[in-house]
Structure formats: C-alpha cells, structure tokens
Amino acid sequence: MRPLPSAPGVAAAAALLLLVLPRARADEHEHTYQDKEEVVLWMNTVGPYHNRQETYKYFSLPFCVGSKKSISHYHETLGEALQGVELEFSGLDIKFKDDVMPATYCEIDLDKEKRDAFVYAIKNHYWYQMYIDDLPIWGIVGEADENGEDYYLWTYKKLEIGFNGNRIVDVNLTSEGKVKLVPNTKIQMSYSVKWKKSDVKFEDRFDKYLDPSFFQHRIHWFSIFNSFMMVIFLVGLVSMILMRTLRKDYARYSKEEEMDDMDRDLGDEYGWKQVHGDVFRPSSHPLIFSSLIGSGCQIFAVSLIVIIVAMIEDLYTERGSMLSTAIFVYAATSPVNGYFGGSLYARQGGRRWIKQMFIGAFLIPAMVCGTAFFINFIAIYYHASRAIPFGTMVAVCCICFFVILPLNLVGTILGRNLSGQPNFPCRVNAVPRPIPEKKWFMEPAVIVCLGGILPFGSIFIEMYFIFTSFWAYKIYYVYGFMMLVLVILCIVTVCVTIVCTYFLLNAEDYRWQWTSFLSAASTAIYVYMYSFYYYFFKTKMYGLFQTSFYFGYMAVFSTALGIMCGAIGYMGTSAFVRKIYTNVKID
C-alpha cells in the first residue's frame, strides 16, 4: 500500500509555545541507532481520509496494544500535541536490524459496540497514521465488500524498513490479513518486520513523499511565466501612461504658473495638483489604519524570511518545523510592526500611541487565537485530537504579552523617534477642500472592488497548489515558485494601487490612504471566494468540524494576505504620491 505524504497541522496560535518549550532528546532526534537498539513505532491519529484535519487518537478506535509495556524514552512534545499529533506507544517490540517473523501481538474481543465503531470507521474511509524515526506511515483501517453489507478489518501489519549504515532511511507498510467483522468473536492482530539495506541517503529519505509530477507540472511553470509576463506588461503600461500623463500635467502646471492671477482664475484648473493642500491630510481613523499598516509590513517580513529559510532548509522533514519557524520569525519581527505602525501614527498626529501599540501588537494574534479557540470548542465536542487544553491557551496568551508586546514596544519607540516627524512636501490646509462630484467608476468603493482583480489573477494558480498541499496529502516544497509569486504579487499590487490612486487624485478626491490600502487588500476577498470554489469542487470534505476548520482558517489566511497586500499597496502608493507632489512647485 503506497504511503501518503505528511504535512504539518494548523493550530498556528497554539504553536507559539514552540518558542519557549524545550524539545525532548531522543533517538528520533539523533536519527542514529546501534544494532539491536530499540526502535519505537508510534501510533498517531486516525480519521476520515477526505477530512484531513478531523483526526482522533489512534486508540479511540478499539485497537489493542502490543505486549511491550515500557520504552526507554518518550518522544511526544507539547508542540506536537497542539498540532493534532497524539503519539502513543504501539506496544510492538522492534529492534534495529532485527527481523521479526509474523507474530500475534494482541487480541481484540469484538463485542457489538467495538464492531459498530470499526464499521463506522470503515464506512467513512478511516486511515491511521504511524511514525518510525519521524517517517510517516499511513494505513487503512479496513474495507467493505462490493455490496456494502460485510465489513473487513486489516489485522496484519507488514513493515519493511530500509537502513543505510546506522540510520533509517525508508519505511513501508503493507496491510494484509483481512478478517470479517462478526460480533462476539476474537480478532488477532499481528505484525512482522523486515530490515533491508538501502542506497537511499539519509538527507534524501523524504523524497519519496514528494510529488514532482504535481508541483512541477507544465501548468505550474506556465502560470509563473504568464504572471511574469503580466508583470512586465503592467509595469511597462503603468510607466508609459504615468510618465506621459505626468509630463503633460507638469507642462500644464508650469504654463499656469507663468500666467497672471486673472488668467489663472479664468483658466480651467483641474487635476491632482488642486488637492495638494489636502493630499497629506491624516487618514480617517488613523489609529486603526496605522495598526493595519504595521501588521501588514510584519506579515510581509515573516513571509519573505520564512520562504528564504524554506528554500535553504528542508523544513518539511520535521513535524511542525515550518510552523514553528514561522512563529519564531513572527515573534522576532514584532519590532517591524511597531516601527512602521508607530512612525505612521506619529506622522499623522496621533497622540494615543500606547493604545495604537497594543492594537498593532495583538491584531494578528487575536485574530488567529480567536479563530483557533472557536474551532477548539468544536474539536472538544467531537473529542478530536486537535482540541487544545485550557492551560495551553493561557500559555499562548502569556507569550503574546511577554514576547511579542515588549518587542513591539521597542519598534514603536524607535519608529516614533527616528521617522515620526511629518515631512510632507506640501502644507496641509486648515479647512478640508470639498470633494467634487465624479463619475461612478471613480468612486472609492468601485476602485476598491476592482483593485484586487489583477493581484489575484497573478497568484490564483499558485493558490491551488498551496491549498492542495494544505488540505490534501501533498507536501509543498517548491518554495522557489512561492518566492517568485510573492515578488510578482508585490509588483502587481503596487502598480495597480498607483494607477487607482492617480485616477482618484485626478478626480480631485484626496481620500487616497484608505483607498490604496483597501484596493490592494480586496485581493483577499477574491482569494476567499476561490476557497469556496476549491472546497465544493476540488475536495470531498464534509461535516461540521472539517467545514468550520476549513472556512475558519481560510478566513484567517485571506485576512492576513489582504492586510499584507494592503500595506504593500499603501507603501508603494505613498512613495508615488510624495514623489509627484515634490516635483511640483506649489505657491
């Protein structure tokens, strides 16, 4: 039976504990064994194949335990448990390079209640997961006959373990011994272990779980090329239009400056120069706006660093390593949030900087933790392995207060002192200029709705591969593609928001701050809409738990992506606005 690739769990908020929790030292960490040394077969979780996140403890089904009662070490850490990893000792006696002939290790006394549990699992296509030396193994619980009347349990686990020197490099499971489930009978569970020498290098042992034919398909390459060509076209188009248009604007404004006051009054004045006294006016709700910009800059920094680390290191070879790396980087980059959010709030004249710092620091953690805690109640109701203990929730809150908040405070103080003074090229008028009427397609609401189409179009193919690796049994490993897509997304987002802002200012509407942010952030709306399509047409997920898990965390992902795009769009547009008004002589 072909094993399925592994993938990390979700529980992003709870995995913050990985920053402070020590990892247990054990053979699985060293990955080296002596002859006849103990090798532990860990039983992890069991659950429906189509609902990857709906997992339960392996022994929640009435499986029996092997005769071996004690082992020399334990491997489970709290961080793994938070991700739905419920490692329990199988009770099987396995020693390095020591073959085990087919032998019975336990017996199931199958009463009606146990039979009903197995039948339910078989009807819902339950698979179980095991680990040997951190290598995942999948097996199916059982199968039904063609008529769906009789149900059979696989009772024989045939393990073939490949070794290279003193390291385990390959594990395969074959399920055999199909036994019909009949109440009030005894079912014997058996296993065998066959050790064989392998030429696979230890650093390449996870290659068998990868799927190059899927991730490196020509469609993937074509989508990257297509997005890259879109970037070239869009950048060229924006540069040509804006350079030619701005050149004409500068020429017209220079001509107006040479007129006397009467001719200028009789002239037809219009365009973006007319709002020079209001374009640098503080945005509405500056506290929330600054917090969103700071959070978006931090998310971008985290994304960039994690992708670079993933390109250098194979993070998928250790359970939860990608998630723990992301959490560590997020905590470490908290000063970025404070710096950009605090400096922007200071430049906009904000005085409640402590409140802004708290909102900026806890905006993303509160969103992630709130979603995780809501889903946790459903997991508790289902008795699923992803249920997070209350003590862990308290510990997560402590990490937010004692790690993220102090670092954010440092960034806020630096931002306010280093770049918190307003240095606008134009003086802000005391009285706001009235906004003239304009055509419907120049309204900020319309610009916001249309602004996210092109950025989404540049990434939606990659979204399919990311969704598949997260919600199906695929390991995402092509982080070079992801880096290219991130660069393309940034360029397209900045170009689109600059064009949108230019049209808005040309219509003499100076409300460009929120418009530039929201027009870029609207990409998240299209990503979330695509997640509905993916759920109903590309998966076979079902049930309250999996549905709430999927749409809850997709909402978190889309919102974080939207905040990041909005911050990128605003930062690029802010530089553009400052540039064009610096080059115009204002009386």
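Numbers here mean position along the shown chain, with the first residue as 1.
Using the three backbone atoms N, Cα and C, a Cβ is placed for every residue, glycine included.
TrEMBL does not curate its annotations; it predicts them automatically.
Checking TrEMBL for transmembrane segment across the ranges 140-162, 324-346 points to 324-346. In this chain, the transmembrane segment (221-243) lies in contact with the transmembrane segment (445-467); the count of Cβ pairs under 8 Å, excluding pairs fewer than 6 apart in sequence, is at least 3.
The transmembrane segment (479-505) makes contact with the transmembrane segment (549-571), as judged by at least three Cβ pairs under 8 Å among residues 6 or more apart in sequence. A Cβ distance under 8 Å defines the sequence-distant neighbours of the transmembrane segment (517-537), meaning residues of its chain 6+ beyond its ends; these are 289, 292-293, 444, 447-453, 455-456, 459-460, 463-464, 467, 471, 493, 496-497, 500, 547, 550-551, 554-555, 557-559, 561-563, 565-570.
The stretches the transmembrane segment (287-312) and the transmembrane segment (324-346) meet in space: the count of Cβ pairs below 8 angstroms, excluding pairs fewer than 6 apart in sequence, reaches at least three. Remark: the transmembrane segment (358-382) contacts the transmembrane segment (549-571), by the rule of 3 or more CB pairs under 8 A.
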